[in-house]
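To start, the structure under review is shown below, and the notes come after it.
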Amino acid sequence: LTMSGNNPELFSPSQKYQLLVYHADSLFHDKEYRNAVSKYTMALQQKKALSKTSKVRPSTGNAASTPQSQCLPSEIEVKYKMAECYTMLKQDKDAIAILDGIPSRQRTPKINMMLANLYKKAGQERSSVTSYKEVLRQCPLALDAILGLLSLSVKGAEVASMTINVIQSIPNLDWLSVWIKAYAFVHTGDNTRAINTICSLEKKSLLRDNVDLLGSLADLYFRAGDNKNSILKFEQAQMLDPYLIKGMDVYGYLLAREGRLEDVENLGCRLFNISDQHAEPWVVSGCHSFYSKRYSRALYLGAKAIQLNSNSVQALLLKGAALRNMGRVQEAIIHFREAIRLAPCRLDCYEGLIECYLASNSIREAMVMANNVYKTLGANAQTLTLLATVCLEDPVTQEKAKTLLDKALTQRPDYLKAVVKKAELLSREQKYEDGIALLRNALANQSDCVLHRILGDFLVAVNEYQEAMDQYSIALSLDPNDQKSLEGMQKMEKEESPTDATQEEDVDDMEGSGEEGDLEGSDSEAAQWADQEQWFGMQ
C-alpha cells in the first residue's frame with residue numbers, strides 16, 4: 001500500500017482495491033475493528049472509482065484483466081464484513097445502515113440473517129420477521145431462522161408451511177415438522193407440551209442422543225422447576241460431547257444451588273480450557289463465587305460474561321443477584337428487567353425482580369408483577385407459588401397465600417419451593433405437626449438440604465431433639481456450606497451441654513471471625529482485581 005501511494009502507476013485500480021480489502025481483512029482477524037472499518041470504507045471508495053473508470057473505458061485493457069476482475073472481492077462481502085465490525089463495536093445502528101444499503105435482490109442468506117438478528121435486537125419485530133422469512137425462502141432448512149420466527153410469536157403452523165416443500169422432497173426429514181412444533185411450545189412457554197414433544201423426537205432412532213435436543217430438554221426441565229431431571233439431561237449431553245459449552249451456565253447454576261461447589265469449580269476450569277471467549281465459563285465461576293458469598297467477585301464475573309455476550313440471560317441474573325445481595329437494589333432491578341426482555345417465558349427472571357421489590361419493601365409492585373406473571377404464564381405450580389410468596393409478605397393476604405400454595409401442591413406435590421413456603425406458613429401458625437407431616441411426605445420422593453433443615457427446625461419445636469440432630473446432619477452431608485443447618489446443630493449442642501457450649505462458642509467465635517475475615521478479604525481483593533481486570537487466570 002505504501003508503494004502504491006508513492007507510485008500510483010505501480011498497481012492497477014483493481015489491484016489497489018484488492019490490497020485494501022486484504023489489509024482490512026487482516027485487521028478484522030486481529031480484532032482491530034475500528035481500523036478495519038476505515039480500510040473497508042477506503043476499499044469501497046476505490047471500488048466506486050474502479051466502476052467509473054471501467055464504464056468510461058469499457059474496451060480498454062487486455063484479456064488477462066478479465067479473469068482478475070471476476071476474482072475481485074465482492075462489494076457485498078465487504079459491506080457484510082463492515083457490518084460485522086460494527087456489531088463487534090456494539091454499533092448496531094451503523095451495522096443495520098450498511099446492510100440496509102444493499103438492494104434486497106442482492107442480499108445473500110447470511111446478510112438477511114444478520115439483518116434479522118439486528119432488527120430483533122433493536123425491537124423492530126416486523127422487519128426482523130420479514131428478513132427471517134427471506135432466509136427461509138432461500139434456505140428452507142435454516143433452523144436458526146425458524147427459531148427466530150418462533151421467538152417473534154409467528155405461529156408454528158405458518159413457519160412449518162414455509163418448509164413443507166423441502167420436507168416432502170427430501171427423504172428422512174419427517175422429524176422437522178415435529179421439531180418446529182416442539183420449539184413453538186418452547187417459545188409460548190408451554191413447558192410440559194414442549195418436553196413431551198422433544199421426548200417423542202428423541203425416541204426416534206434418527207435423532208437419538210442429539211446433544212442439541214438434550215440441551216433443550218435440560219433447559220425445559222429447569223424452566224419447569226424439575227432441577228433433578230435438568231441436571232440428568234445436562235450430564236447426558238456432556239457425556240456425548242465433552243466440549244459442550246451451550247447451556248453449561250444453567251448447569252453450573254443448578255450445581256451451585258445444590259451446594260456442589262467443588263463440582264462447579266471443576267466445571268468452570270474445564271470450560272475455560274475449552275474457551276474463555278464465551279459467557280458460560282465466566283457465569284459458572286461467578287456462580288461458585290456467589291454461593292461462596294463472594295459477591296464482589298461474582299459481580300465482576302457476571303459483568304465480564306455480559307461483555308462477551310450481552311444476550312446471556314444467566315449472566316444478567318448472576319450480576320443482578322450479586323448487586324441485590326450487595327444492597328444495590330435499583331441497579332439489580334435494571335438487570336432483571338433486561339433478563340425478562342430477553343427471556344419473557346423464564347420464571348426465574350421474574351423471581352429475581354420480585355425479590356428486589358420485596359427487598360426494597362415495594363410490596364405493591366411485587367404484587368402487580370406476580371399477578372402479571374400468573375396471567376401471562378398461566379396457573380401452574382410455579383406461578384401459584386410465586387404469587388403466594390408475595391402474599392406471605394402482607395398480613396392481609398395470608399389466607400390467599402395458603403389457598404395458592406394448596407393449589408400448587410395439588411398440582412405438583414413435589415415442587416420444592418411450594419413445600420418450603422407452605423412450611424414457612426405453618427411455622428408462623430405454629431402448626432408444627434402439620435409441617436412435619438408435609439416435609440416427611442416431600443422427603444419420601446426427594447432428598448434436599450433445605451427440606452431436611454426445616455424438618456430439623458420443626459422437630460426442635462416439638463422437642464424431638466435426637467431426630468432433629470439427625471436431620472441437620474443429613475442436611476450438612478448434602479450441603480456442607482449450609483450455615484443455617486450448622487447453626488441449628490450448634491444451638492442444640494449448647495442447650496444439651498451449657499459448660500461445653502461456652503467453650504465451643506469461644507472456639508467457634510475465633511474460627512468464625514477468621515472465616516469472616518477471609519471472606520471480607522476475598523471481597524476486597526476481588527474489587528481490586530475487578531479494577532485491574534488481570535486477577536483471573538484459571539489455575
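Any Cβ shown, glycine's included, is placed from N, Cα and C.
TrEMBL annotations: computationally assigned, not manually curated.
Note that the coordinates shown come from a computational prediction; the quantities given were computed from them, not determined experimentally.
Summarising the annotation, TrEMBL assigns repeat 'TPR' to 313-346 (among others). Using a Cβ-Cβ cut-off under 8 Å and counting only residues 6 or more beyond its ends in the same chain, the repeat 'TPR' (313-346) has close neighbours at 186-189, 223, 249-250, 253, 279-280, 282-283, 286-287, 290, 295-296, 298-299, 301-303, 305-306, 352-353, 355-357, 359-360, 376-377.
The repeat 'TPR' annotation in TrEMBL covers 449-482 (among others). Each residue of the repeat 'TPR' (449-482) gets a DSSP state, and the totals for helix, strand and coil are 27 helix, 0 strand, 7 coil.
Taken from TrEMBL, the feature compositional bias 'Basic and acidic residues' applies to 487-497.
The region 'Disordered' annotation in TrEMBL covers 487-539.
Positions annotated as compositional bias 'Acidic residues' by TrEMBL: 502-523.
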Count up the helix, strand and coil residues in the repeat 'TPR' (313-346) according to DSSP, in that order.
27 helix, 0 strand, 7 coil
Would you report the average pLDDT that the model assigns to the repeat 'TPR' (449-482)?
84
